[in-house]
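Report on the following structure.
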């Protein structure tokens, strides 16, 4: 062959090899596509690793995670569908209280970004429990924490964070501008109630799933206030109690029935010798029971129970094991206000079981220190001070504060009963610890169980003063 023929022959062979290679690649692509189609069937998800897709459907968050493994899409998780929290079950039978959470927020806040708060409480949906709290619009160990002993200011807001976590700007959700608040879930959405404004003209702003649905104006112009713990939802309706009037005398108390954030009914209690503040409420067999604070003249706690039509009964816990603070030594109780050391008080709770009652209270008679749970088997109706169980929660040497009830519905736990739980606020700083310029709190919580529990002390544990205090 001459040189030109050699070049033509080599070129022809190269072109032929290239065409064959191209056909093989096309065949390979067709084979891979066919194999992928067979594996995924009718799925049309893109093959992106760890793609998180969140959609909002009928007031329900639907959260899917698609994980790509070897060209196969695997769906992880399940739809978080809406339910209606019935509240028709009875309280679970319990023998004691198991530690549930401890957020250590003040200890963490000495070095981290943690909100200055008070009045924390817990509420659960059918999917999760959350901690709600009233922030002061300031962080611990910062100059704006100065003066946060004040209860009512325009900087306070209701916020929430995952249960057991220290409340910070990074994990917390804004709920409402408020210096008094409540919140609860009906199975379809969160209802929040935030009260803010001047003492003589405060307004409660109701939100459902974050949208303002109604407002309630102070009707006595004497510091409208609400529970500082969860409201109660039964069969799609939610219930809360508000107070307006003196803290040291007869005031006005109203029960509100709320559906999807709209007030559908309200009544004023006819309770001339009673005083209701900061009620801790829970559902039990379709009715609502609230145990409250008498800041006027009772060292035992007043209660009100009502059905979904707001037909109600009222009374005081009769036990000689007194639940308020300050209070006298245990002795002879009364089904009316026990007026010895009856002035002032602290938010608290109890759980009624027939004629018996679990009473949560500070260990100290005078100071908000320590905390204990006492089972009085006849204390709802009898006036003696005999009890059969006492469980220590916080030692008398450590600070406590407000306490309140919350429940876990069968839709969350899978039980056939409503689980009773409670939280305790552990207040630090002013007015009792005057080496600081601030007031804040951490919290612990417990749930009722019918098994072994521990007697111990779970105190706040922060070492004061902080750097900002020096």
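Every residue gets a Cβ built from N, Cα and C, even glycine.
Feature annotations, reproduced from Swiss-Prot:
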- 11-33: region 'Involved in apical transport and lipid raft association' (REGION)
- 28-470: topological domain 'Virion surface' (TOPO_DOM)
- 36-90: region 'Hypervariable stalk region' (REGION)
- 44: N-linked glycosylation site (CARBOHYD)
- 58: N-linked glycosylation site (CARBOHYD)
- 63: N-linked glycosylation site (CARBOHYD)
- 70: N-linked glycosylation site (CARBOHYD)
- 88: N-linked glycosylation site (CARBOHYD)
- 91-470: region 'Head of neuraminidase' (REGION)
- 92-417: disulfide bond (DISULFID)
- 118, 152, 277, 278, 293, 368: substrate binding site (BINDING)
- 124-129: disulfide bond (DISULFID)
- 146: N-linked glycosylation site (CARBOHYD)
- 184-231: disulfide bond (DISULFID)
- 233-238: disulfide bond (DISULFID)
- 235: N-linked glycosylation site (CARBOHYD)
- 279-292: disulfide bond (DISULFID)
- 281-290: disulfide bond (DISULFID)
- 294, 298, 324: Ca(2+) binding site (BINDING)
- 318-335: disulfide bond (DISULFID)
- 386: N-linked glycosylation site (CARBOHYD)
- 402: active site, nucleophile (ACT_SITE)
- 421-447: disulfide bond (DISULFID)
- 434: N-linked glycosylation site (CARBOHYD)
- 455: N-linked glycosylation site (CARBOHYD)
Where residue 152 (substrate binding site) sits in the secondary structure, as DSSP reduces it to three classes: coil
Cα distance (Å, whole number) from residue 278 (substrate binding site) to residue 238 (disulfide bond): 17
Sparsest-packed of the listed binding-site residues (118, 293) - C-beta count within 10 angstroms: 118
Environment of 294, 298, 324, the listed Ca(2+) site - residues of the same chain whose CB lies within 8 A of the CB centroid: 275, 293, 295, 296, 297, 299, 300, 301, 302, 316, 323, 337, 338, 342, 345
Fewest other C-beta atoms within 10 angstroms, as judged across 235, 434, which are the glycosylation sites: 434
Least Cβ-crowded entry, counting other Cβ within 10 Å, from the disulfide-bonded residues listed as 279, 292, 318, 335, 421: 335
Cα proximity to residue 417 (disulfide bond), best match among recorded positions 152, 281, 292, 318, 434: 281
Other CB atoms, at most 10 A from the CB of residue 281 (disulfide bond): 29
DSSP state at residue 184 (disulfide bond), helix/strand/coil: strand
For residue 277 (substrate binding site), the three-state class that DSSP assigns: strand
Candidate recorded positions 146, 235, 368, 386, pick with smallest Cα gap to residue 292 (disulfide bond): 368
Rounded Cα-Cα span from residue 402 (active site, nucleophile) to residue 146 (N-linked glycosylation site), Å: 22
C-beta crowding around residue 233 (disulfide bond), within 10 angstroms: 26
